[in-house]
Amino acid sequence: MDDRKFSVLIAGGGSTYTPGIVLTLLDHIQKFPLRKLKFYDIDGERQQRVADACEILVKERAPEVEFLATTDPEEAFTDVDFVMAQIRVGKYAMRSLDEKIPLKHGVVGQETTGPGGIAYGLRSIPGVIGLVDYMEKYSPNAWMLNYSNPAAIVAEATRRLRPHSRIINICDMPIGIMDRMAQIVGLKDRNDLVFRYYGLNHFGWWTDVRDKTGKDLMPALKQYVAKNGYWLGDKDKDTEASWVSTFKKAADVYALDPSTLPNTYLKYYLYPKYVVEHSDPNYTRTDEVEAYREKHVFDECDRIIAAGTAADTHFKSDDHATYIVDLCTAIAYDTKQRMLAIVPNDGAIENIDPEAMVEVPCLFGANGAERLAMGKAATFQKGLITEQNCVEKLTVDAFEQQSYTKLWEAMSLCKIVPDASVAKEILDEMVVANKDYWPELK
């Protein structure tokens, strides 16, 4: 490695994930040296609570690193090497509607899947495109690592609208599952695994998992998942109830195709009736997040600020943050590390549309992602992927063309919506709810 130090901007500085990312950057500062750390958010008040706590963290652990929090795009995006984008357009108020409106109609209400994911996607596209434009204007040589949801729709939009931008779309969900896999087979973490995986974001399958010696771990993993899903028993005692349910339900998703291991989000598409029956339309995942994660993170920020020290902080590194830092390091030092990303298919999955934005292993280096070939999708997976990818493309069509019909088609095609009349009822309600965020549909 050389003597370079990097300037990093976290766009969406008020996110509850920000302290974990900061802590991870500081923990890995020998591997990925920093000269400057900046936060950017359009909600200055929310960001400031996080920033004041994180500034204490930075000053105590790496006083040589310059720290800045701002709501000014020019100040934020000037002189940066990496932008970590984690915005939520409409905040939790809109996420709550994304979940609760479909549930009123007996349809899965979820942040990134189904009608809720489509609604969120339409809000997110201009927000992420705006960040890309700021980066290209003020730091044209920077890389953006985008993990703003819904990643699949955002990735399709950036492919079309900013095809030459230095943006890498990523998601931490498979990473978290792989850490669980490592625990199931008694390994330290996901970095001890060598894997093959393919699909769309929140919509994929592992076809092979091995350790570094080449030992096939699939038989042991399948035996465990068939009985327990990805639930880790006593190790999950502090895990939120909705996630425990999701990890356990992976056993039923696995049963549909015992030749692979599934992403947990497939439960929404394959068992929507079960999901709706086990949902409370008056208390959804948003309410759980606000009661648990939001409260915990902001209480801890306030405690650090009041104490004037972060020496005894409860914040810690997590899958989400470690993955992002590993990716920055791979690009900065051209390591060719193998990691998952959402990229144009271009033959990676042989029998899927070459323009589809697929999630596959890539080698990361100074020029970004080099996708690896995963062969052909099986018939079951091919059918699911093709349908869902068309939903994502129609959503971006709707944005580009400001088309009500395209958005209705997207919701009608979505596997978890029973028919076009229900899709229209949900859509009409969502048009009103999103009037301040969506383009005016014709």
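Including glycine, each Cβ sits where the backbone N, Cα and C put it.
These figures come from a predicted structure and were not determined experimentally.
The NAD(+) binding site annotation in Swiss-Prot covers 6-72. Annotation comment: Swiss-Prot describes Arg95, Asn149, Arg285 as substrate binding site, evidence class similarity to another entry. Taken from Swiss-Prot, the feature site 'Increases basicity of active site Tyr' applies to Glu111, supported by similarity to another entry. Residues annotated as Mn(2+) binding site in Swiss-Prot: Cys171, His202. Per Swiss-Prot, active site, proton donor is recorded for Asp172, and the stated evidence type is a curator's inference. Annotation source Swiss-Prot lists active site, proton acceptor at Tyr265.
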With H, G and I counted as helix, E and B as strand and the rest as coil, say where DSSP puts Pro33 (NAD(+) binding site). coil
Here the Cα-Cα span from Ala51 (NAD(+) binding site) to Cys171 (Mn(2+) binding site), rounded to a whole number of angstrom, reaches 24
Per DSSP, three-state class assigned to Tyr265 (active site, proton acceptor): coil
Excluding near sequence neighbours, so keeping only residues 6 or more apart in the same chain, what lies with its CB under 8 A of Ala69 (NAD(+) binding site)? Gly13, Lys38, Phe39, Tyr40, Asp41, Gln47, Gln48, Ala51, Glu55
How many other Cβ atoms sit within 10 Å of the Cβ of Tyr265 (active site, proton acceptor)? 24
C-alpha of Ile42 (NAD(+) binding site) to C-alpha of Arg285 (substrate binding site): distance in Å? 24
Taking only C-alpha atoms and a 10 A limit, tell me which of Ser15, Pro33, Glu111, Asp172 are near Arg285 (substrate binding site). These are the recorded positions. Glu111
CB within-chain contacts under 8 A for Cys171 (Mn(2+) binding site), separation at least 6: Tyr147, Ala151, Asn201, His202, Leu340, Ile342, Glu359
Taking only the CA atoms, the spacing between Thr24 (NAD(+) binding site) and the residue listed as 'active site, proton acceptor', expressed in whole angstrom, is 26
Ser15 (NAD(+) binding site) and Arg95 (substrate binding site), compared by Cα position, are separated in whole Å by 14
Around the substrate site recorded as Arg95, Asn149, Arg285, what other same-chain residues have a C-beta within 8 angstroms of the site's C-beta center? Arg88, Tyr92, Asp98, Glu99, Gln110, Glu111, Thr112, Gly116, Tyr120, Thr286, Val289
Candidate recorded positions Phe6, Glu60, Arg95, Glu111, Asn149, pick with smallest Cα gap to Tyr265 (active site, proton acceptor): Glu111
By Cβ count within 10 Å, point out the most packed of the binding-site residues listed: Ile42, Ala51. Ala51
Which residues of the same chain, at least 6 positions away in sequence, have a Cβ lying under 8 Å from the Cβ of Phe6 (NAD(+) binding site)? Phe32, Pro33, Leu34, Arg35, Lys36, Asp81, Phe82, Cys328, Ala332
